[in-house]
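As given in Swiss-Prot:
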- Lys61: active site, proton donor (ACT_SITE)
- Asp10, Lys32, 59-68, Thr119, Arg180, Gln189, 209-210: substrate binding site (BINDING)
Amino acid sequence: MTPKLIVALDFDNQDNALQLVEKLDPNHCALKVGSELFTLLGPQFVKELVRREFKVFLDLKFHDIPNTVAKACHSAAELGVWMMNVHAIGGLKMLQAARESLKTYGKDKPLLIAVTVLTSFEEAELASVGISNTLPEQATHLAMLAREAGLDGVVSSAHEVKIIKQKCGENFITVTPGIRLPNNLKDDQSRVMTPQQAIREGSDFLVIGRPITQASNPHEVVSALLRDL
């Protein structure tokens, strides 16, 4: 069974990242590798996590012309990752090209999800880049585009999960960042929820970083979260 919890490995060096990984159990959580760590350590680090039997969410948010994104997704799949993402704002052709690039992997193909609206965004920031939709409208619009393109789901704030499920179906995966424990500050993310709130809203997978990575006992925090969920 795939764990509902995805731990974000937001580190700037390999030693700290691996120290945390050694305290975690692949049966209890998946791992997210983002741009910072991937740029620093490259594909070999991802392969090492896969070798340790962790499910890896490669969070590189590909956004380019369709052919380039298709090749990037195929390269990511070669690493053995469980999930990867692209920016939905890249458009229908780009999303379809990404999906097509993974067909050769058959039933073993990674999950392909699309980023809707970053959880750091607020209404004013959407307007500043020329988007007149509200945050829920934009997230839902992009989720429906991803669904039309045949993707498996989206990355979305928990605030938009319920409407996305209504529009795209219960089987359309929602991966939710911006998850904070009740005693944690918002940090640099604006639209946050606790794990329990996000699950009630219908989130399928929760991405949690600092509350786990900065904990004195990460394994204990993960265990407590799983009990609560």
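Positions of Cβ are set from backbone N, Cα and C atoms, glycine also.
What you are looking at is a predicted structure, and each value in this text was computed from that prediction instead of being measured.
Where Swiss-Prot records a feature, it is marked here on the structure.
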residue : record                    : Cβ within 10 Å
Asp10   : substrate binding site    : 17
Leu60   : substrate binding site    : 17
Lys61   : active site, proton donor : 17
His63   : substrate binding site    : 17
Pro66   : substrate binding site    : 18
Thr119  : substrate binding site    : 24
Gly209  : substrate binding site    : 21
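Annotation note: Gly209 (substrate binding site) sits in a coil segment as assigned by DSSP. Between the C-alpha atoms of the residue listed as 'active site, proton donor' and Thr119 (substrate binding site), the distance comes to 14 Å. DSSP assigns Pro66 (substrate binding site) to a helix in the three-state reduction. Mapped onto three states, the DSSP output places Leu60 (substrate binding site) in strand.
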